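Working notes for the structure below.
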Amino acid sequence: MAEPVIVVPRKGVYSDDSYHHHHRHHSFHSCTNFLLRTLTAGATAAAVVVMLISTQTSGTIYGYFRGRWRDYPAYKWLIIANAVVFVYSVMAAIVACFSVIARRGPLSYSPSAWLTLLVDFLAASALISAASAALAVALLARNGQDLQGTHYWPTVCNYVSKFCDYTQGAIIASFVGFGLLFLSTLLAASALYHLSHRRH
């Protein structure tokens, strides 16, 4: 009589330990992803709103002086970049919310995780470039610049301090949004790492 054959499931594929390990990592990625997306949407929305209401007009002995974002291409780019990232973050937050409920999401599969990593990287690059350009203009407006007596940029903030304070707040919010996007990129990379190890 032949001896019975006992099939032992390979560890990491069919075992309960593997399932709970994968489920634990998926829950962490999904919940953290939703939190980061929500915070990013809040930071970028704040930057856009603050920039849009930053216009200020003040009277001087030479007449009226107006500070507004429309007059600075760097500030226009800052608003556009934050608006684009805001829309993307809201859509990603909705998807992340459903992924928490369904226990399946973009970070559960390699192709979608790679796409998430790429889009996050591009969005973070656009946001940091806009924030850096706006920061250079803001510093110039606050401190002025004298290039060996040949060119002089006046300190605009002496006349429109509210405008400068608001733009500074928007720039800070933009850098916060960039930091959150950077963390989202790391999260996608972490998900890809665990997905690749789950195959072996």
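Glycine residues also receive a Cβ, built from the backbone N, Cα and C atoms like all the rest.
According to Swiss-Prot, the feature topological domain 'Cytoplasmic' maps to 1-33, 99-120, 190-200, an assignment based on sequence analysis. Annotated topological domain 'Extracellular' per Swiss-Prot: 55-77, 142-168, in sequence order, evidence recorded as sequence analysis. Swiss-Prot lists 34-54, 78-98, 121-141, 169-189 with the feature transmembrane segment, giving sequence analysis as the kind of evidence.
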Worksheet entry | Positions on the same chain near the transmembrane segment (34-54), where near means CB under 8 A and six or more residues out | 67-69, 75, 78-79, 82-83, 85-86, 89-90, 92-93, 96-97, 99-100, 127, 162-163, 166-167, 169-171, 173-174, 176-177, 180-181, 183-184, 187
Worksheet item: What else in the chain is close to the transmembrane segment (78-98), if you only count residues 6 or more beyond its ends and a Cβ gap under 8 Å?
Response: 30, 33-34, 37-38, 40-41, 44-45, 47-48, 51-52, 69, 105-106, 116, 119, 123, 126-127, 129-131, 133-134, 170-171, 173-174, 177, 181
Response to the item:
Given the topological domain 'Cytoplasmic' (99-120), its same-chain partners at Cβ distance under 8 Å and 6+ residues beyond its ends are 23, 26-27, 29-31, 33-34, 88, 92, 181, 184-185, 187-189, 191-192, 195-196
